[in-house]
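Taken straight from TrEMBL:
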DOMAIN    47-442  domain 'Amino acid transporter transmembrane'
TRANSMEM  63-91  transmembrane segment
TRANSMEM  123-144  transmembrane segment
TRANSMEM  150-171  transmembrane segment
TRANSMEM  183-204  transmembrane segment
TRANSMEM  224-245  transmembrane segment
TRANSMEM  266-288  transmembrane segment
TRANSMEM  308-327  transmembrane segment
TRANSMEM  348-368  transmembrane segment
TRANSMEM  374-397  transmembrane segment
TRANSMEM  417-442  transmembrane segment
Amino acid sequence: MFGAKKVLDEKTALDDSNPPSFIQEKEDAVFGKVDENGPNFRDLGEWGALVLMTKSNLGLGVLALPTVFSTLGIVPGIICIVVVQSIIAYCSIIIGSFKIRHPEVYGLPDAGGVVFGRIGREFLYLVYCILLVFITASALVGLSTALNAVSAHGTCTAVFIAVAAIAGFLVGSLRTLGKVSWIGWAGIVSIVASIVTLTVGVGVQERPPLPAPQEGPWDKDLKIFGNPTFAQAMSAINIIVFSYGSTPIYFGIVSEMKEPRKYARMMVVSIKFITVLYLVIGSVVYFYCGQYIAQPALGSAGVVLKKVCYGIAIPGLLASLTIFVHVSGKNMFVRILAGSKHLQSNSITHWATWLGCTGAATVGGYIIASAIPIFGSLISLIGAIICPLVCIIPYTLMWWHDHWRYVPVGERKGRRVFVAVVNAVFFVVGVFLMVGGTYGAVVDLVNTTAVNGPWTCADNSGSV
């Protein structure tokens, strides 16, 4: 049904130490001939890849993670973050090995085509497009939140979202990830400086801003173990999943790397760095603010530091938006011009298609960001419905395709069986997160939109 494939021998199935090289080929399997007559889509270095992988996650999740500890409690929160991080790291490793085995793959939809034919390709293309639109929207919401905070809600949130969309389109239309990676460097410095400032600020302040009591005794209500409802717990877990929700973007990153074999090392460094930062920042901010954490968290340090933190974070939030607009546009661009001479040229068709794709990605994100302008509800919804489908479930099936599907029954033993069981468990976890998380996200979204509707002028930068 899905097309015949060659049986992989034991060495090919289990050993990626000597994968076939496609780096020296004159004709790239995705972009065709890369030369001086067009953009160099294979100019991304290993450190640039590290920055893009880190920045694509860092900046969205860190703004919401402290609320996870408030809902689940410190111990369950830490456990959930570590478990999700471990699953995502495993799935991300599969991205690198699958790309090397199948160099014609550019994105997650192409991988779906390899595993399940046209039906798999089209289904994952649809889901991946939805993810890209939603994370672009979330980046727009984050940037509008910063503009609201810095300007003391100087105008309608809808206006700030529109301003953010224009900026994202202009910067995100750079054609190669190699050039975008420089923006990523500035973004990481910006967002790390912002959250360190926040951490110091909440540590030295006497108490959090309103709605915390400003006089007399106050109760942080710190929880070692929380007592949430099922919907509340799943909404919190959705936030964790979304904080690693840029995993499928890694396909595009490894596709534009000069040396794709270095991808796995950089990816592991990136995820470890992000996880440590999430745990430290999330737990410290929760310890000092307790139940009075603002959402997003940069509003937890008082009026003045709130403006300072968001002001410092603006370049970082713009960098995230740039990456998402670029990747969203590139996803459509490569599909439209695949096999055409215009993909790797400086023709009018090339430029018109490229700008049209980044423009469409921006407009799609703007519509979603304006319709659901509340940060926490938006990322919870994405984390529930979309992220398991693109961050966990497909990679277990990619492993099955390369390491089990065409392997003779007699060779299915030992380590291979163990890894197969691990993938089956991760597949079930992904399905559970999608089904259970959707319930929690819908409950949360219904409750939130009852207060703040679409295209609102309301301030979305948290309590002050």
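Placed from the backbone N, Cα and C atoms, the Cβ positions cover glycine too.
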Taking contact to mean three or more C-beta pairs under 8 angstroms, with sequence separation of 6 or more, is the transmembrane segment (417-442) in contact with the transmembrane segment (150-171)?
no
Report, as numbers and ranges, which residues of the same chain sit near the transmembrane segment (308-327): CB under 8 Å and 6 or more residues beyond its ends.
52, 55-56, 58-60, 132, 135-136, 139-140, 142-143, 145-147, 149-150, 164, 167-169, 171-174, 177, 180, 183-184, 186-195, 197-198, 201, 249, 252, 298, 301, 358, 361-362, 365, 461
Sequence gap of 6 or more, Cβ distance under 8 Å, 3 or more pairs: do the transmembrane segment (348-368) and the transmembrane segment (150-171) meet that?
yes
Can we call the transmembrane segment (266-288) and the transmembrane segment (150-171) in contact, meaning three or more C-beta pairs below 8 angstroms at a sequence separation of 6+?
no
Remote residues contacting the transmembrane segment (183-204) - C-beta distance under 8 A, at least 6 residues beyond either end:
48, 51-52, 54-55, 58-59, 62, 171, 174, 277, 280-281, 284-285, 288-289, 297-298, 300-302, 305, 308-310, 312-320, 322-323
Can you tell me which parts of the same chain pack against the transmembrane segment (63-91), counting only residues 6+ beyond its ends and a CB-CB cutoff under 8 A?
142, 222-226, 228, 232-233, 235-237, 239-241, 243-244, 247, 267-268, 271, 274-275, 278-279, 281-283, 285-286, 289-291, 293, 295-298, 300, 375-376, 379, 391-392, 395-396, 422, 426, 429
